[in-house]
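According to TrEMBL, the protein carries these features:
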type	residues	note
REGION	1-24	region 'Disordered'
REGION	44-68	region 'Disordered'
TRANSMEM	91-112	transmembrane segment
DOMAIN	93-561	domain 'Major facilitator superfamily (MFS) profile'
TRANSMEM	132-151	transmembrane segment
TRANSMEM	158-179	transmembrane segment
TRANSMEM	185-206	transmembrane segment
TRANSMEM	218-236	transmembrane segment
TRANSMEM	248-268	transmembrane segment
TRANSMEM	323-342	transmembrane segment
TRANSMEM	362-379	transmembrane segment
TRANSMEM	440-459	transmembrane segment
TRANSMEM	465-487	transmembrane segment
TRANSMEM	499-521	transmembrane segment
TRANSMEM	533-556	transmembrane segment
Amino acid sequence: MSTPPRIVLEMPRSPSLEDGPWSPTWPEPTYYYDGRPRALLDEEQAEPRSSLETIATPYNPGEPTKDPNLVTWNGPNDPENPKNWPMSKKWATTMLVSAFTFISPVSSSMVAPALEIMARDLGITSTVESQMTLSIFVLAFAIGPLFFGPLSESFGRWPVLLLTNFFYLVFNLGCGLSKTGAQMLVFRFLSGIGGSAPLAVGGGVLSDCWAPEQRGKAVGIYSLAPLLGPVIGPLAGGFIAENTTWRWVFYATTITAVVIQFAGFYHLPESHNTIILQKRRDRLAKETGNQNLYIAKDKQETLLRAITSSMARPTRLLATQPIVQLIALYMGYLFGLFYLILSTFPSLYRDVYGQGLGIGGLHYISLGVGFTLGAQVNAQITDRLYKKLTAKHYKNPQKEKETECNCKCQCHSVHGNMPPNKPTPTPPGMPNKGLPEFRIPSMFVGSLLIPIGLFWYGWSAEAALHWIMPDIGITIFAAGSITCLQCMQAYIIDSYTRFAASGMAAVIVLRSLAGFGFPLFAPYMYSALGYGWGNSVLGFVSIVVGIPAPYFFWFYGHKLRAVSKYAVG
């Protein structure tokens, strides 16, 4: 009598009861049948139960737990699970988080048209110091997310967003009351620390609420906020500085931040799974008197260890994850270009086109038009492509390539763009699971638009053509930039779902350093090279750095995720 084939179940990671009902964030179990990997056991391979040496059953977090003291979700349709919230609640949460993400970038650039007036009033004589009053706010964005993103994973999204926004508005008001250049620099830096939190925490909120196939539009709105904010800021700041005083630039943003603070306090729900389950545990303990109730995380680590581990995670991700490193590099370059253009717009339209602060500030609309068009078109295309590629992944996958992993278990892994070689059946109650790489296709187009826009902008400004020509170039650049930024942001969220806030914090560090540094050398670069060759140099760098990036993610991203202990496998 021959020995029946052994069926082995291998999970990419140990399941956690906090993960809630099955969602695309769950890594799928892999069955090995006679040494060949199968997503699920095919009916023709099944044998009578008596002949099976091992029966493997995938873990289903929606099933009732055997431990009566363990508090978890009440099945896959638990209404308290953020992914099961009504669409109206999800969109309200997305819009509120986007509002928090919008206001601090407005402050980062709103002072740009008034830099010369403010420098004269505060006794600032150095060009570099004057530019620093603009860019030091962005420098703070490199520090705050290292703390606030991980803290939101330990204490929740709601308290971190509310407390940091209050911190921001207090010191932003201090900027308007400053009497010296030193006071302005200190208050700008501190207000930037508080304003940096939504940039890191917002990605975690979207990961909490939205399934991957729905996430494209939400990411489109959220990622537009930190770019549209710096566009609207100078547009309003120019007229404010021209008709009142530069101090009202800070007063106006403070008043807006107060309105957002009250809206968030009363209407922004907590979305982090762990915090929601902790509240459920406390409520049930009070109602039943059972003090032995616990959630899965209570048994995993102490609060102090959780905090220290969370604090170190963004740095660890940036140091060890090639995906995070490349996205941080390219996103940093794009943000550097963005703030470089913001800081040089006033001098271009004043010196070359002879326009005043108010009229010159209207050219920031070209950035806003590019960002808005690019964001909305890409959001629609991304979700459609994601669903189409996911369906293709499950119905018409490419031939699988089996290779042995360098692990002690001698297991097999599937490589190639779309594994495996047979249609993968979807188990009951489990949606088709797309790959994070399905967020990348739009980036192929966006990475081409960026250098085209830079060349167009630079040489039309160099030749002093009609003012609409540089604006068209900037619109093309902005559309390409937001397309790439949305794709990369969605890719980070989908790849590091559980640690989305830490992943975004790691990216924001390098992004913010570039946003701080680029405006400082911009005046010297344009003085030496002019607008034509200056922007051409930037365009050539964007070709070298940007165009290969989507190819790298598409062909190698899944392999890097497979060997990462942080990314979804």
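Quick reminder: no glycine exception, Cβ is built from N, Cα and C everywhere.
Most Cβ pairs under 8 Å to the transmembrane segment (323-342), among the stretches 91-112, 132-151, 158-179, 248-268, 465-487, belong to 465-487. Same-chain neighbours of the transmembrane segment (132-151): 107-109, 111-112, 115, 118-119, 124, 160, 164, 181, 184-185, 188-197, 199-201, 204, 307, 310-311, 313-315, 335, 339, 343, 501-502, 504-505, 508-513, 515-517, 519-520, counting only residues six or more beyond its ends whose CB sits under 8 Å from a CB of the stretch. By the Cβ criterion (under 8 Å, sequence separation of 6 or more), the transmembrane segment (91-112) is in contact with the transmembrane segment (218-236), since 3+ such pairs are found.
Below 8 A, the CB atoms of the transmembrane segment (440-459) and the transmembrane segment (185-206) form no more than two pairs separated by six or more positions in the chain, fewer than 3 in all.
Contact between the transmembrane segment (248-268) and the transmembrane segment (533-556) is not supported, since fewer than 3 Cβ pairs fall under 8 Å when only residues 6 or more apart in sequence are counted. Listed as Cβ neighbours of the transmembrane segment (185-206) (distance under 8 Å, sequence separation of 6 or more from its ends, same chain) are residues 93-94, 97-98, 100-101, 103-105, 107-108, 129, 132-133, 136-141, 143-145, 148-149, 152-153, 157, 160-161, 164-172, 174-175, 178, 215, 218-219, 222, 226, 271-272, 489, 492-493, 500-501, 503-505, 508, 512.
Within the chain carrying the transmembrane segment (465-487), a Cβ under 8 angstroms from the stretch's Cβ atoms is held by residues 219-220, 223-224, 227, 330-331, 334, 337-338, 341, 348-349, 353, 355, 363, 365-371, 373-375, 377-379, 382, 439-440, 442-443, 445-450, 452-458, 546, 549-550, all 6 or more beyond its ends. Counting residues 6+ beyond its ends, the transmembrane segment (218-236) has Cβ neighbours under 8 Å at 90-91, 94-95, 97-99, 101-113, 199, 202-203, 206, 209-210, 252, 338-339, 342, 345-346, 361-362, 364-365, 367-368, 371-372, 375-376, 378-379, 382, 478, 481-482, 485-486, 489-490, 493 in the same chain.
Averaged across the domain 'Major facilitator superfamily (MFS) profile' (93-561), pLDDT for the predicted model comes to 82.
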